[in-house]
Amino acid sequence: MQAVKCVIVGDGAVGKTCLLISYTTNAFPNEYIPTVFDNYSATVMVDSKPINLGLWDTAGQEDYDRLRPLSYPQTDVFLICFSVVSPPSFDNVSSKWQPEVSHHCPKTPCLLVGTKLDMREDKEQLKRLEEKKITPITTEQGEAKCKDIGAVKYIECSALTQKNLRLVFDEAVRAVISPAGGAKKDKKNNRGCLLF
C-alpha cells in the first residue's frame, strides 16, 4: 500500500488542527488549544486505491519557526492554510509559508487551503472585520494566490460544516499519486522532501 505524508502549515489559529480533528474524528473541537494534535495515520480510499495517509500538524506561531522544519523530511505534499476571514494569514501565505516550504522542499507539491469557509457569511464575523476595515478573502483572491505561489490546487473548506473537507485530503493524495505533470513519482528514488 502506498504511503503519503501530508504536512499542514499556516499561521496559528487559522484552523489547521480543527481541519485534522474534524476530518479524522468527524467531531469539531469547541475550544482553541494551540497544536497538540499528534501525527495521525489512516488508510483512506482515493480513486479506488488504498492509501496510508500520514497527517502532520505543525505549530504556526513564530516561537516554533526553528523546530517546525524538523517535520518536513520525507513530506509528499503540503497543505498551506489560511483563514478566509483573516487577511493577515492570507498575506503570510506568500510572505512566510510558501517561501519556507519551498526553501526546505522545493519539489514537493503544495495545495492552498482556505479554512473557516462557514465564517465568510457569518454576520458577527463580518461585523468584526468591518470594524477593522477589512473584508474576507474571496475565492478569486485564493485562486490568484494559488497561481502566484505555484500551488497545484486551491480549495476552500469548513472544518465545522465539513464542506469540502474530504476533498482537501483527497486532492492532497491525488497531487502525489497522480501529479498533473504525467508520470507518477518513483517512491524509492524521489521520496518528497529531504533535509541535510
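Including glycine, each Cβ sits where the backbone N, Cα and C put it.
As annotated in Swiss-Prot, motif 'Switch 2' covers the listed stretch 57-75 rather than the other ranges in 57-75, 133-151. Taking Swiss-Prot as the reference, the stretch among 14-25, 26-37, 38-49, 158-169 described by the feature motif 'Switch 1' is residues 26-37. Across all of the motif 'Switch 1' (26-37), the predicted model scores a mean pLDDT of 73. Here the binding-site residues are Ala13, Cys18, Ala159, and the one whose Cβ sees the fewest other Cβ atoms within 10 Å is Ala13.
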